[in-house]
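I have placed the structure first, in the form of structure tokens, so that the comments after it can refer back to it.
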Amino acid sequence: MNYSSNPPECLCSHLTNFALIMKNNNAPADLALSVVSDIGCVLSILGLFATIIIHVEDRDLRRRRPTKILLNVCGNLLIAYLIFVVGVDHPEAKNACIAVTYLLHYFFLTTWFWMSVYSYDMYMCLVKVFRGNEKNFLQWCSLIAYGCPLIIASITVGVTVGYLDKMPKATNLCGDVIDPLTKSTYHASNLCWLHGSSLYVGFLVPMTVCFLFNFAIFVVVLKEIIDKNNKVEVSSMKRTVKQNMIFAVTMTSIMGLTWVFGYLLLLSDNQAYLTAMSWLFALFNSLQGVGLFVMTAMRRPRFRKLWSRPASALGASQALSMFRGTDTIRDDHSTATTDINHKQLAQD
């Protein structure tokens, strides 16, 4: 119930869409958007699972450091999607809802931290040409990427559920008295996800740090690739605009840059604007797992060979031609198809 309007509006509390991750107050109750978000999340779950299987099955590929980082990104995002689909719209069970909120908070943060690790690794391989101890590097990255989110998520739930919710007049993390109709300063009353200051301080602030870090590296790396390409004198060795575009889209998927629509969502409370931004955010980010699958697994030469046989038997070989011969870079370590070998990209 929205008591701020006159007359009061009755809002559906079980129309959850992926845009609620960024903003859950004044969110449009759109059934179509909710359905599309659920479908996108399910497709992403399948895509991420397939991506993990394909990379783990390839013995040579799974030994590479970039692949190990990618698997952490996919694994954490897969768990986050699963929790979102299964548990986000069940706020009636208090303790279970707190647990769902905590796990969602933690795994979305670990996903972001691992996306930043991927960005840093790409930067060090392509720009700084880093040659260090791979084992120690991954150990430190794992400690940071799993440890920092654990600290942030634990402090958030501890301060809100363990302290603020027990005060006579519940306040948020900024000290403001919350709406007396709101049951918790930790999660929203209509879904199991952070709200208010818990959302802004506990999730959006660390996510923004990761986002800005990833965006800065995206710009630097893309500039490095273009500059090196311009220095290549042999035209047959030059990367095409199409290859650069594919590489940019791949980086955008892995670095989480499509979440920019979530920030745009925060700029206004106009319902038409919120609806438009909610659709853009939900479409791009509920399907992030699909994007990762297409750009890092489906375009791999070995995967194309695997599924081209049954497809050609069905007369679909022509449809597969769009994937064959799209890259002029070496087959097994293609940058444009994102075999996720950063060093190969620098050489090409």
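Heads up, the Cβ atoms here are built off N, Cα and C, so glycines get one too.
Note that TrEMBL annotation is computational and uncurated.
According to TrEMBL, the feature transmembrane segment maps to 31-57, 69-88, 100-120, 140-163, 199-222, 245-266, 272-295. Summarising the annotation, TrEMBL assigns domain 'G-protein coupled receptors family 2 profile 2' to 33-300.
Each of 69-88, 100-120, 140-163, 199-222 was scored by its Cβ pairs under 8 Å to the transmembrane segment (272-295), and the highest score goes to 69-88. Same-chain residues lying 6 or more positions outside the transmembrane segment (140-163) and placing a CB less than 8 Å from one of its CB atoms are 69, 72, 98, 101-102, 105-106, 109-110, 113-114, 116-117, 173, 184-186, 194, 198, 201-202, 206.
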